[in-house]
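Quick look at what TrEMBL annotates:
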COMPBIAS  1-17  compositional bias 'Pro residues'
COMPBIAS  27-38  compositional bias 'Low complexity'
COMPBIAS  49-63  compositional bias 'Polar residues'
COMPBIAS  101-117  compositional bias 'Polar residues'
DOMAIN    896-953  domain 'CBS'
REGION    1-89  region 'Disordered'
REGION    101-121  region 'Disordered'
TRANSMEM  209-230  transmembrane segment
TRANSMEM  306-327  transmembrane segment
TRANSMEM  461-484  transmembrane segment
TRANSMEM  496-514  transmembrane segment
TRANSMEM  535-554  transmembrane segment
TRANSMEM  574-593  transmembrane segment
TRANSMEM  632-653  transmembrane segment
TRANSMEM  659-679  transmembrane segment
TRANSMEM  700-719  transmembrane segment
Amino acid sequence: MSESRVPPPIITDPVSPPVSDDGMVPSGGPLSAPSSPLWRRRRLEQLGNVRTGTLGGDSSPTYATLGHRPATSYGSFPSPISRRTTRSRKRVFTLPQLSTFGIGSTHRSPSQETLTSPREEEPLLRARQSNFFGSIRRPPSAYDADWAVAQNISSATEDGARANGIRVWYSSFSSVDWLHDAIKDSIRLLRLRRRRSLRGKMLNNLDRFIGWLVVTLVGFFTACIAWLIVRSEGLLFDLKEGYCSDGWWKAKRFCCPMLNDDVIGLMSFSDDDDECPAWTTWMEALGPAWQIGNRWIGLERWTIEYIAFTVAACLLSFVSCMLTIYLTKSTTFVTRKDSGLYSATFDKIEPTPQLEGLPSKRTSTSAPDEGQLDVTPRKVMYFAAGSGIPEIKTILSGFVIHGYLGGRVLLTKTIGLALSVASGLSLGKEGPLVHIACCVGNIVSRFFPKYESNEGKRREILSAASAAGVAVAFGAPIGGVLFSLEEVSYYFPPKVMWRSFFCALIAAVTLKFLDPFGTGKIVLFKVTYDKDWHFLELFVFAFLGVFGGIYGAYFSRLNFLWSKHIRNKTWLKSHPAAEVFLVTLLTTGLCFLNRYTRMGGPELVYNLFAECSSTKGHEGLCVREREEVHGVLGAIAVTLLVKGVLTIITFGIKVPAGIFIPTLGVGACFGRIVGLALQSLQTQRPDLAIFSFCKPDEDCIIPGVYAMIGAAATLSGVTRTTVSLAVIMFELTDSLTYVLPVSLAVLVAKTIADRIEPKGIYDLVIELNQLPYLDSKHQYIWGALMVADVTDRKVEVIRVDHENTVQSLRDQLVKAVNGGNGDSGFPILAPGDDGDKMIGYIGANELEHALSIVAERPDAPCHFHHTSAHDLMNSTLSSLYNTPVPQDLYDFSIYMDQAPLTVASHAPLELVQQLFVKLGARYVIVVNDDGTYHGVIDRKAWLQFLHGLEEKE
């Protein structure tokens, strides 16, 4: 049938080829660069009514004609229209006012078109973006544009690869086609390896070198950003107490180096003001003007200090929250690669005349008319909020979230993280550093085509970047690689492990050279221990593991319940800034009077970890008199309780916030309490059997060791990490002496936590935020279910024996979007003797792109046919890209996946699970026993099915 048909004529004047947003006329072929979503949307909405001329007589439309500026790529800042551009655009022909999609709607005549000035289009322009990196980035191209470099080279391998079809882009929250990306990269390598000349060998070596260059740049820039965060956070934290008279830009540790007793902390709580004459408190700065005797206008000194402390903390956290909310709201990120059927304006309650017909929230409960676009709004996210690790896990598992790893988020998270940590909230910066490192990895990799146009390859760089983030957070490059492997990465081959280690090593070395603390150490709470442990202490270490597991499980569950039922179901959901302000007030009120709760997180952890000596007091934690024990134990117990409660309500507020340091602090407090109690008992009753290993007149109990092991156990209970956490602790202590105690406590903690709450904190956040993450570690009980029980048989299909016009395919695409299948695709069926035979599969994005190119003729027939090997040999992909010869734009076969993964309807469900997990399939076609078409299982439908199984379990 496909051989006998006559292709339709190529569209020429008076309708011009599609025009990109920068005013340049692209090829208009399958491999043309993606245009803006709004432009594609208008073309699909106004089939046959697209006026491309201007008043000046130019037959090629420009973006001024379309009434909007170019949409941009990731990480762009909102920007208003320049007055110069507005003045230069007088009256131009534009498309008619947007209306809703309607199947079978009548077309307007050209005489019905209106004249609109750009000023009247400004509501549409407010959602558009100006390119932040536009001056240094090359223009975006189609996802598979680099396949066109084959020219006249063809082989059986490449011909088989072409049967997989081409991809044009991945929309937000769509899944990556790992198989397609792997095939594309194998073809790229094949073409490189074919070149035997000297130039070819140089290109091969350059290709290998690029990967190492990228991870080197990622490690270097990650360390530089970490240095800026540490320095600025330390300064802002100390400004709540006072300032340095020798230079306001100096933190207290640099203003008063004599107070740094081997990194005691960024601030000292000594009452002796003469220890550092250069440091001026706010009382001293304002005292001469307001002080009356020993009182401040009738108020006690600590009251004024508390007011200054609270005002500064609230200001810092509020600014961080405002930056997060207004700069990284998910609805402000619009890229060329987003679908035109979705929009950044889907959070509008009432559609404006200019936005009429765009996906928006439904204002009524009535069902939409047939063919009317009625898209369910996606959940609004704040990309810079939280730690970012759950979202990074989701991205690395094969899902796309446009803008989450862009320049705008990187800048906002860097500034917001320094502000939020400096405010004194119960949060840390270690987790967000992983997100920041991945932003750096994403931005750097996009300058290199092998990563820019291959989402699968780019995730290799993101895995290495996450290792660098942990390396600068804990000074543990080996632990960073293992953390990336164990907790974050989804695909981690040996090559990625080598490059991850190199990236983490570069980051750690660079940060050590920059010396953020002025001590030569990468992290503040790095400690060493001189004494060994004893066998009888293993029982105490196991007890610490039990506490860590219980605390981790209940903390994760309570934080999940707080976020689900209070944060998301009360007025706090619509007032995130008010929540941040209230949490900050509560934090300052509970933490100000206790010297340990008032400390910064790293300072508290260091002092709890530290080993006591005759010259180091570590903020009173080294008890030298028996009478001091009860007071110190009480203060630490209060710190444990306050930090534990505050962390439950703090983690999840709309500021950059990590969970590592607060959790380490809680575990270290409990471990220090146990250590001090044992030390006191050994002093009073040295004759007990449990202290038989102690020599006379020797301090055999080291409370800091118990604090370190308790911290590791607690963090394992919260995050469910094991090997990577143990290695991080080894690197922190510069010793392998405590390998067995730490490993024992970590394993006990994870075992106990898994029995109480199967999911760790990151998995619960993924569930809470409804992120499309496919967990490859979970074991499911399928029971008697088979593949046929999960197959979607109602999915929209395209039949080649029917007349498929541009308008009918557009209507099917709209119907699929209304049904929630806008991120999947359409099986293409041909009639057979026994039933419908599957000849291919086309994605929704590919169909949208193809239809937007040929939108001038709504009644023109479109064609799909199975391409034979002979056809592939005679028509390379290069003929589809920027070719001077006419081509059949109505033949959509080039977009078809002609070799999709298939599975029998009676196959076990574990096979489907392995296809999605191990092969990274985007969809699986289900066939009957005779090979006829039965249905489709796409990745998102499979995730919904697995979620239902988990609820039943």
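Cβ coordinates come from backbone N, Cα and C, glycine included.
All TrEMBL annotations are machine predictions without curation.
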**Prompt:** Between the transmembrane segment (700-719) and the transmembrane segment (535-554), do 3 or more CB pairs sit under 8 angstroms, pairs being 6 or more residues apart?
**Reply:** yes
**Prompt:** Okay, the transmembrane segment (306-327) and the transmembrane segment (574-593): do they have at least three CB pairs under 8 Å, pairs separated by 6 or more?
**Reply:** yes
**Asked** So, do the transmembrane segment (632-653) and the transmembrane segment (659-679) meet, by the test of 3 or more Cβ pairs under 8 Å (sequence gap 6 or more)?
**Response** yes
**Message:** Given a Cβ distance threshold of under 8 angstroms, which distant residues of the chain, six or more beyond its ends, lie next to the transmembrane segment (659-679)?
**Reply:** 387, 426-431, 473, 540, 543-544, 547-548, 551-552, 555, 596, 601-602, 604-605, 608-609, 621, 623, 629, 632-633, 636-637, 639-640, 643-644, 646-647, 650-651, 699, 701-715, 718-719, 761
**Asked** Which residues, given as numbers and ranges, are at least 6 beyond the ends of the transmembrane segment (306-327) yet have a Cβ under 8 Å from it?
**Response** 77, 236, 239-241, 282, 382, 384-385, 408, 411-412, 415-417, 419-420, 422-425, 576-577, 580-581, 583-585, 587-589, 592, 653-656
**Message:** For a three-state summary based on DSSP, what are the helix, strand and coil counts in the domain 'CBS' (896-953)?
**Reply:** 23 helix, 16 strand, 19 coil
